[in-house]
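**Q** For reference, TrEMBL lists these features for the protein:
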type	residues	note
DOMAIN	4-78	domain 'Lipoyl-binding'
REGION	81-112	region 'Disordered'
DISULFID	C162-C167	disulfide bond
BINDING	K171, D433, M439, L440, A441, H442	FAD binding site
BINDING	G302, G303, G304, I305, I306, G307, L308, E309, G392	NAD(+) binding site
ACT_SITE	H566	active site, proton acceptor
Amino acid sequence: MGKIVDIHIPDLGADKDVDLIEVMVEVGDEVEVEDGLITLETEKASMDVPTTQAGVIKEILVKVGDKVNSGDIIARVEVQGEADSEPAKEEAKEVPAPAVASSTPSKKEPTNVEVNANAKEIKGQVLVVGAGPGGYSAAFRCADLGLDTVLVERHPTLGGVCLNVGCIPSKALLHVAKVIDEAAHIEHAGIKFSKPEIDLPSVAAYKSGVVKKLTDGLSAMAKMRKVTVVQGVAKFIDKNTVIVDHTDKEGEQTKVSFDNCIVAAGSQSSKMGFIPHEDPRIWDSTNALEVKEVPKRLLVMGGGIIGLEMATVYQRLGSQIDVVVRGPQVMTGTDKDIVKVYTKANEKKFNFMFKTQTQAIIPKQEGIYVEFKGENAPAEPQTYDAVLVAMGRTPNGLNLGLENTGVEVDEKGFIAVDNQMRTNVPHIYAIGDIIGQPMLAHKAVHEGHVAAEVIAGHKVFFEPKQIPGIAYTFPEIATAGMSEIEAKEAGINYEVASFPWSASGRALASDVSETGMTKLIFDKDTEQLIGGSLVGENAGELLGEISLALEMDCDAEDIGLTIHAHPTLHESVGMCAEIFHGSITDLPNKKAVKKK
């Protein structure tokens, strides 16, 4: 008998109670190093956890549906060697997951970076690598604080993924989809429109026009602030120098030396080995946003925000949509009662295949053949005109030459930082997607401000009490603070107060009462607000009050005694507080004094 070795969940950093959605092995299976054991899913990404030991699976200690944490034992593997009476601790390095906290560093050795003899040389007090929302905000804040700032961006426009091929263009397309949706829906109120004629080039032009207005504005602000913008791909030569290969002038380079650096290089769509990404009918989110065609039948792989937003757009443009989700619901980590409202509103628009996954994707001339396995898998392969892969994002930390600086980058490409955004190299900072979840533009912006102000000598820290998240689906889902799931697992004595929009005059008048709900979570001992969720029309626009209340440590009385305008959707936030406080008059009051 060989030695028995425990295989553990790797460092998940800030993520806790992560959903286990697939077990890939069985007892008795032989595995090689890097073979997948299980699949975990967070809100925006799924990841396979491989074994770090080759051998035979002797025991599996987890199952589908479990919520797991860093260090939990996945399985016990028998490896070749002397027999042990007790399971040995795993000696091989663990594979880390997306995290802000430190995890196993990459073993990448320093590399030589080619520098042309005629490379131009410039110097800045601060270098910012990457001009997404976090990067340009950091650069502009540095400039406003009097620091000579250089901003390197590979693309011809500032704004990064969010502005150019993410948040902004998707919202432009969702606006188009919303108009189509409302025109079709208003018929029961006596207004009839003919079937819309969709001019795709004009739709794409509208989207691009929105993006251009914003990118032009950023370019103007960079000039106004005297930020030096260099277009190209940055590679670190050492801890105080990068070489930039220009993407606008082939063969030209610029060497940039710096006193301090902020790495804001973002992330890219994750690639999965079994998917033929080279086929133009296999899309990522960037391809989907081009709206070059409306596929008759579209498969969306993944039940996260990106996939569902694009599914919403293409369904309204005329596509038949299948959504395959490994877990039991879309938007993992969001409370079931909130997701239930969304799912019910869309169950006739999308074909949801829960607890199902793709087994094979085979491009053929007549379409993309897809085989499924799982609880709701079709018996036969299905044919699609396009497949959108929306299975999370991968950080760009391994593509920058950071091994030449001493900055610790884990094997997934994430950089560990402290609450002042410093890496282990004190004058190099990192922000945004590249430091871990949640991968959100507004989080990166605030991190960028902190990094800039720390460099300028201010005593500031990134210590948010909440980071809001919004899915711009129909209906929208918006969350801030703790979910009910998190409150329960943290052992908090909490109480939920929910207000159905069916009792809202504004929701009824606007015909959105059946797809809306506001939910607040209070600590019963302190009566303090600890979390909130909304589902419904413009839910994202209603989240600001909840976010502010969380940051200001408001209790139910603070919120309930704030006079909210009537009739509005946001007064539902105040009514939730009244429900908790026992002063609600717009619904039956469960806390009313019982009359004899």
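From the backbone N, Cα and C atoms, a Cβ is placed for every residue, glycine too.
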**Q** Express the distance between the Cα positions of I306 (NAD(+) binding site) and A441 (FAD binding site) as a whole number of Å.
**A** 14
**Q** Whole-number Å only: compute the distance from the Cα of L440 (FAD binding site) to the Cα of C162 (disulfide bond).
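**A** Distance between the two Cα atoms comes out at 9 Å.
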**Q** Please list, for the domain 'Lipoyl-binding' (4-78), how many residues fall into helix, strand and coil according to DSSP.
**A** 0 helix, 38 strand, 37 coil
**Q** Are there any residues in the same chain, six or more apart in sequence, whose C-beta is under 8 angstroms from the C-beta of the residue listed as 'active site, proton acceptor', and if so which?
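**A** The list for the residue listed as 'active site, proton acceptor' reads G505, given in order along the sequence.
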**Q** Nearest to K171 (FAD binding site) in three-dimensional space, by Cα, is which of the recorded positions C162, G302, G304, L308?
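**A** Nearest by Cα distance to K171 (FAD binding site): C162.
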**Q** Would you mind sorting out which of C167, D433, M439, A441 (the recorded positions) have a C-alpha within 10 A of the one on G302 (NAD(+) binding site)?
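**A** Cα within 10 Å of G302 (NAD(+) binding site): none.
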**Q** Ten-angstrom check, please: count other Cβ atoms within 10 Å of the Cβ of C167 (disulfide bond), all chains counted.
**A** 19
**Q** Using the alpha carbons only, what distance in Å do you get between G304 (NAD(+) binding site) and H442 (FAD binding site) once rounded?
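**A** Here the two Cα atoms are 18 Å apart.
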**Q** Measuring Cα to Cα, how far is M439 (FAD binding site) from G392 (NAD(+) binding site) in Å?
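**A** Rounded to a whole number, the Cα-Cα distance is 10 Å.
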**Q** Across all the protein chains here, work out how many other Cβ atoms are within 10 Å of the Cβ of C162 (disulfide bond).
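**A** Result for C162 (disulfide bond): 23 other Cβ atoms within 10 Å.
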**Q** Using L308 (NAD(+) binding site) as the reference point, find which of the recorded positions C162, C167, D433, A441, H442 has the shortest Cα-to-Cα distance to it.
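**A** Out of the listed candidates, the nearest Cα belongs to C167.
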**Q** Within 10 Å of the Cβ of G304 (NAD(+) binding site), how many other Cβ atoms can you find? Include all protein chains, please.
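**A** Step by step: centre on the Cβ of G304 (NAD(+) binding site), count other Cβ atoms within 10 Å, giving 24.
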**Q** Are any of G392, D433, A441 (the binding-site residues) within 10 Å of C162 (disulfide bond) when you go C-alpha to C-alpha, and if so which?
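**A** Within 10 Å Cα-Cα: A441.
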**Q** Quick one, of the binding-site residues K171, H442, which Cβ has the fewest other Cβ within 10 Å?
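**A** The binding-site residues K171, H442 were compared, and K171 has the fewest Cβ atoms within 10 Å.
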**Q** Distance check, please: Cα of A441 (FAD binding site) against Cα of C167 (disulfide bond), rounded to an integer number of angstrom.
**A** 8
